[in-house]
Amino acid sequence: MGRRVANSAVQGPLYGVRGWLQPCCWAMVVVMLTMQSQMGMVVALRVGYYAQSCPNAEGIVRNAMARAMQRDTGTAPGVLRLHFHDCFVDGCDGSVLLEGPNSEKAASPNLSLRGFEVVDEVKADLEAVCPGVVSCADILAFGARDAVEMTGGVGWAVPAGRLDGRFSSAASASANIPDPAFDVGQLNNMFARKGLSQSDMIVLSGAHSIGRAHCVSVKNGSPLKAACQGGATFNLDPTPNRWDNAYYANVINQQGVMNSDQILFDDVGTRAETTLNAVLDAAWQVRFSQVIVRMGNIGVKTGPDGEVRRNCRFVN
């Protein structure tokens, strides 16, 4: 069993480059790495990263996701949400998967996360074929794409090459996960801290096309809130198992489940684009695929700041 996660904040990532290098160039590379770390530049992920080291990596992830979907249709929104919550807290580094009393899992916004056992299953399948090769962070990125495709959405090529972080902090999760009660200004500020625009925020909110919300997240004063009892959950839109733009039509009809959903139409600054997404399903889906790829670049770790975990719940 691996060593349990340390309860401390993530240190700044050391970004690097990959490629064929002549021996005389290593000194220059050291300088470049240092400059990139100081400037906070994003490491260049690439599509087909595992083509040589684990050629069927994406197929293995997809097969495990398909098996899990047959058991539970909630697998898709669960894994997609894991990717979002991972990337928004200290970058896309798989830290949301780590166990520990003060890890991200223990933070209030993450108590309802699901899909961890699916990630364990994917990781076990990969370790049996390509031990120590595919990171847990990349599993989440591949799984998020598969979640959209398996519920009828438009997929995308996933750039890979992320390493797994060694630290996970509940305090960091609480400070970086958007609250369901947020207004547009608060949402914009949270997304801007991740390098994402208001338009990106509106597009990514469409991830609520699939899945359900717990009572604690439901908009205050709404009929659903009044109906909340115990562990009740509610569909985020009328087609919770199908990837489509019905989510946007839902908020236009004043049926947004969370305040952060409904506010997209109620606020005049976001109303036009929200309405457009409700009309142009294909355009929204293409835009979603573009923005989630950019989201997947947030805080990517390389070099000594990361590793490829053998068990996604524990550091090596």
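Cβ from N, Cα, C; glycine included.
Any TrEMBL annotation is an automated prediction that lacks curation.
Bond annotation: of Cys87, Cys130, only Cys87 is listed by TrEMBL as forming a disulfide with Cys92.
In the disulfide annotation of TrEMBL, Cys130 is paired with Cys54 out of the candidates Cys54, Cys215. Taking a C-beta cut-off of under 8 Å and a sequence gap of six or more, Pro178 (substrate binding site) has these contacts in its own chain: Phe88, Gln186, Leu187, Met190, Phe191, Ser260.
Highlighted in sequence order, Ser209, Ile210, Pro238, Pro240, Arg242, Trp243, Asn245, Ala246, Tyr247, Asn250 have their Cβ within 8 Å of the centre of the Cβ atoms of Asp237, Thr239, Asp244, the residues recorded for Ca(2+) 2, and are not part of that set.
Between the alpha carbons (Cα) of Ser95 (Ca(2+) 1 binding site) and Cys54 (disulfide bond) lies a span of roughly 23 Å.
Listed in sequence order, the recorded positions near Cys87 (disulfide bond) (C-alpha within 10 Å of its C-alpha) are Asp93, out of Asp93, Cys136, His208, Asp237.
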